[in-house]
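Novice: Pasting in a structure now, in structure tokens, and then I'll have a few things to ask.
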Amino acid sequence: MRVHKINNVNKALDFIASKGVKLVSIGAEEIVDGNAKMTLGMIWTIILRFAIQDISVEETSAKEGLLLWCQRKTAPYKNVNVQNFHISWKDGLAFNALIHRHRPDLIDYDSLRKDDPVTNLNNAFEVAEKHLDIPKMLDAEDIVGTLRPDEKAIMTYVSCFYHAFSGAQKAETAANRICKVLAVNQENEQMMEDYEKLASDLLEWIRRTIPWLQNRTQEKTVNDMQAKQEDFRDYRCVHKPPKVQEKCQLEISFNTLQTKLRLSNRPAFMPSEGRMVSNINGAWHTLEGAEKGYEEWILSEIRRLERLEHLAEKFHQKAAIHEAWTDGKEAMLTQKEPDTTTLSEIKALLRKHEAFESDLAAHQDRVEQIAAIAQELNELDYYDSANVNARCQKICDQWNVLGALTQSRKESLKNKEKQLESIDELYLEYAKRAAPFNNWMESAMEDLQDMFIVHNIEEIQGLIAAHEQFKATLTEANEERKAIQAIQANSNPYTTITSENIDEKWAKVFELVPRRDTALQDELNKQNSNDELRAKFASQANKVGAYIKAKMEEIGRISIEMNGTLEDQLTNLKEYQDSIVSYTPEINTLEGYHQLIQEALVFDNKYTPYTMEHLRVSWEQLLTTIARTINEVENQILTRDAKGISQEQLYEYRTSFNHFDKDHSGALMAEEFKACLISLGYDVENDKQGDAEFARIMSIVDPNGTGAVTFQAFIDFMSRETTDTDTADQVIASFKILAGDKNFITAEELRRELPPDQAEYCIARMAPYTGPDAVAGALDYMSFSTALYGESDL
């Protein structure tokens, strides 16, 4: 009866509805009454639910997933371009391509022609029905003969192919898993190679640079040493900054690589011997030590050479004065008196000789000064010491000869004096007073022409004060000159010093006084200019020093008090980094002031506690610190994305960490870390079980036993504890699917299932399979998979 039929159909519709199928406007009455439209609609709904809806490729909808699957499978085939479920299938090539991709033994695809669609369609339908158990749902003539084939019919038929090749889908999934694992390894290996190259290049540069900085070859002049100083400044401002960036990038790359390796369950990267970050830091420390020593040596050498040049000039000046004085003295002392010499003449000669002895004794100090200067030039390693020593020795030898001749002449005159008694006291008085006065004037002229070297205002002011005191004595000296000249007669047998000699030297003294005034004033102006340079440098250095200190404190605070998403933090940090880099012109301005100070040979600065060396190191440290902070956030993003940690979890971890980081050092000591773990629900209380668990955790987060746990180590631990990672077993299982459940795989299978570059990557690294079931060309995918998670070849 009709009522029974309706009841039967309703039972079927209830079952369909229980499977989540929505039947809109379809009732049992319409089906029983033979409503073709309703009946077909219900059939399509059933097909959509049970044949198509379960199809999912990359989390797309059923229809989109099926279309994407078709596109991927037919992509390698010429003349096939699947864009829909109607006209893309009219020529029959897409159906044949699907079958050939999974069963190449069933179809000779290259023999098919695009201009023969009926033959193509019938070939595909017959092969599918005969070999794949897919019933022939469509007629070739109906598809070719219509402008737009029925989309639902094509889609239903294609879904049968999808289910028939479901085993191949597993292989595709396995291949995708392998591709992801291989991509991770390839990327990591590339990063390792890049690190090794960058580390090698940087170490080689340091190796080449250190000997240059350790070279202490002395130059002969201040100008030569200043040329070396200019080369060093060029190294500091041009050559070193890019290497500072490379070193910072190297550390960042190393940290990022280690994070990626931990996130992908790979062993930590161990650089080749001598290329560890610690090795680079050690070499860099040696480089900076050599830099400091080289700069200090250059400055000390400039001071030494400046002192040497001053001493050498002073030596030659005093030597010239002395040589001029001694000229003709030997001839005078060896002169023989005639036998007709009178008593008065002998006495005059004797007094004249006594005056000469007084003059000779007065010049003893100059000879000693000349010898002392020569000795100092020797001790300071003056390059022309040989000539200085030769001249000094000649002066000393001549001085000894003069001493001996003076004594001999004195004895000769005294022998004759015993026979002579007359003396003219007036002439004697003149001679005795004229000789020291003459010597005083010579000393005054020598002092007025004396070279000087000063380094600050106080020293030049001292010289000016001494010069003023000297000028104050000139009036008294002039009175003495007049008194001496009042005694002098037309001729005086007791001395060679005449009134004209005294007047000439007195005029010379008055000529030298204003010259000395000018020289001292020029030096005062120079020291005032140097003081202005000190003040300019100090003003800029104090500003730069305060800026760097403030920014370092800000970075420390920012790294602890980070708010918002990690992406927001990263954006804010990079903007902050840009603002710091924009301060570089201020550093360059300071470098300019420092260059002017060095060129002016200014070696001290009472206006600032900062040195250029200190500020350079602090600036480099500031740039490195902000770059490292950015890298920490990037690594946290890597960790979050790779491990699926939510932003809320990261915020919770950061909040807990900061709460126990009381001293804001960026690291937790053991007891602080234990308290942090307890706050997160870990059972690490002070009992046997808790102590064992805490010891296990500490061995993970602090493998080197430093007693401190960084935030990155803490995040890595939490990510390992709360998420899963890919494993060697998963990769082995994926290869097993591609190999058709065999214990080995062939190169042909790898090339068929994997992209070309990754297939070749595997073939190049897989060892031959040697098991009992081995065949020719068999490759061992098990040991290869295990090695992916083992030690790197690099």
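From the backbone N, Cα and C atoms, a Cβ is placed for every residue, glycine too.
For reference, TrEMBL lists these features for the protein:
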{"type": "COILED", "residues": "346-380", "note": "coiled coil"}
{"type": "DOMAIN", "residues": "1-51", "note": "domain 'Calponin-homology (CH)'"}
{"type": "DOMAIN", "residues": "60-166", "note": "domain 'Calponin-homology (CH)'"}
{"type": "DOMAIN", "residues": "648-683", "note": "domain 'EF-hand'"}
{"type": "DOMAIN", "residues": "689-724", "note": "domain 'EF-hand'"}
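Context for these features, please: burial, neighbours, distances.
Specialist: Mean predicted confidence for the coiled coil (346-380): the pLDDT average there is 83.
Per DSSP, the domain 'Calponin-homology (CH)' (60-166) is made up of 64 helix, 0 strand, 43 coil.
Broken down by DSSP into helix, strand and coil, the domain 'EF-hand' (689-724) contains 25 helix, 3 strand, 8 coil.
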Novice: Would you call the domain 'Calponin-homology (CH)' (60-166) and the domain 'Calponin-homology (CH)' (1-51) in contact, using three or more Cβ pairs under 8 Å, pairs 6 or more apart in sequence?
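Specialist: Checked: the domain 'Calponin-homology (CH)' (60-166) vs the domain 'Calponin-homology (CH)' (1-51), in contact.
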